[in-house]
Amino acid sequence: MGSCGFMTAFGGATLATHLPGAVLKIVFGAVILASGIRMLIIRPLEGEQEAKDNPWLWIAWAIPVGIVTGMTGLGGGVVAVPVMVLALKFKMHNAIATSLAMIIFTSTGGVVGYIINGLGIPNLPAYSIGYVNLPTWFLLAVTSIGMAQVGAMTAHRLPARQLRWIFIAVMFYVGLRMLGVFDWLGWPV
């Protein structure tokens, strides 16, 4: 899934550089909300289930995951976790761990796409390489590395059911926020 995710994330990033920001915001919100709805509606099988061990099926799912990842900058987790749990029958904890490993490939493909397609674009912020702003990247990366450890430890302490509900709640909030629903309703959240 990783190498396929790299290539398709590069393609998704290239596509995104040709779309207006308002369209990307809607796509981002819709993808997150759709993932949350899917996780809410389709319940994983109870008890032990065997993850599907079919490389062609993994590749088939890696293509849309990579494209959406490259377009939205989601890194793969929000898209990949529901795919792994619902379509590939991974256990929740395994899906999260595998998604983190896959993110290395999809995010690299997306970053390369945004760098290449942003070279020579005028009026980008100072210290940018293509569309990637280095100071912002550095601050987010340093903070995220430490907090990822906290998140991983917390996830291992939570039951899969509770972890799933937290995941769904976060996806609903972010999706609705990006789609402008809270602004439309006049809610200050």
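Our numbering is plain: 1 for the first residue shown, then up by one each step along the chain.
Placement of Cβ uses the backbone N, Cα and C atoms for every residue, glycine included.
As recorded in TrEMBL:
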TRANSMEM  22-41  transmembrane segment
TRANSMEM  61-88  transmembrane segment
TRANSMEM  95-116  transmembrane segment
TRANSMEM  136-153  transmembrane segment
TRANSMEM  165-187  transmembrane segment
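Sequence-distant contacts of the transmembrane segment (61-88) (same chain, six or more residues past either end, CB-CB distance under 8 Å): 1-2, 4-16, 19, 24, 27-28, 31-32, 35, 38-39, 42, 44, 51-52, 94-96, 98-100, 102-103, 106-107, 109-110, 113, 167, 171. Residues 16, 68, 71-74, 78-79, 81-82, 85-86, 164, 167-168, 171-172, 174-180 of the same chain, all 6+ positions outside the transmembrane segment (22-41), place their C-beta atoms under 8 angstroms from a C-beta of that stretch.
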